[in-house]
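**Student:** Relevant sequence annotations retrieved from Swiss-Prot are reproduced here:
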ACT_SITE  Cys169  active site, acyl-thioester intermediate
BINDING   Arg71, Gly72, Gly73, Gln74, Val75, Thr76, Tyr77, His78, Ser138, Leu139, Gly140, Gly151, Leu152, Ala153  substrate binding site
DOMAIN    32-207  domain 'BPL/LPL catalytic'
SITE      Lys135  site 'Lowers pKa of active site Cys'
Amino acid sequence: MSPDTLIIRQLGLQPWAPVSLAMHQFTDQRNDETPDEIWLVEHLPVFTQGQAGKSEHLLMPGDIPVMQSDRGGQVTYHGPGQQVMYVMINLKRRRVGVRQLVTAIEQTVVDTLAAFSVSANARSDAPGVYVDGKKICSLGLRIRQGCSFHGLALNVDMDLSPFQRINPCGYAGLEMTQLTQQHPGATLAAVQPLLIAHFAHHLAITDIDWREDPSLPFSSLRH
């Protein structure tokens, strides 16, 4: 397989911790010839604290677990009906800068939402993607040895109420929205191919290999 191939793994609904561990192991073990990967996954309910996370932004987590993450940013929520897209790209090999990658991810979401006739925008003062001032997509990355990991979380068709237990991304009173509030009937299955197509376009990637095996043991994901 060519190192230029982009492998897409559809992992279905998974707990956060094992996926995070596998993502770190993939990143630590990859080499210059390892193809880039994107993992599409939904997570069971969890709050994750980024590297800059402050405890005061966790208002009342209640019965939802709080996990520490090494991504950038503050606290956010993951749950069923939210499309998480982990982006593991060798930036050096693809000659992509960090700012260029962030812009590509944000524009990927904007373009995907436009396919549902939803007008969205990124903001320079607050990373992510917004619809009428409400946040619809969170973004958090880390770069290690020239390779990215972590990624985006796009609210599609989920229970948004857990966001009220936190200051999302560290912003008190930040309102959240989701695609089905803007375009009823939207599904993760409809969103996934659009995210991949737009992301590949923005990074000029033409060789894409889709893998669909939600029961795939995480040890098999390691290179």
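Just so you know, glycine gets a Cβ as well, placed from its N, Cα and C.
Are these features on the surface or tucked inside, and what touches them?
**Tutor:** Within 10 Å of the Cβ of Val75 (substrate binding site) there are 27 other Cβ atoms, across all protein chains. According to its DSSP assignment, Val75 (substrate binding site) is coil.
If you take every residue in the domain 'BPL/LPL catalytic' (32-207) and average the pLDDT, you get 93.
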**Student:** Relative to the Cβ position of Arg71 (substrate binding site), how many further Cβ atoms are located within 10 Å?
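**Tutor:** The answer is 20.
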**Student:** Between the Cα atoms of Arg71 (substrate binding site) and Lys135 (site 'Lowers pKa of active site Cys'), what distance do you get, rounded to the nearest Å?
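**Tutor:** Distance (Cα to Cα, whole Å): 19 Å.
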**Student:** Quick one: Cα separation, Val75 (substrate binding site) versus Lys135 (site 'Lowers pKa of active site Cys'), in Å?
**Tutor:** 14
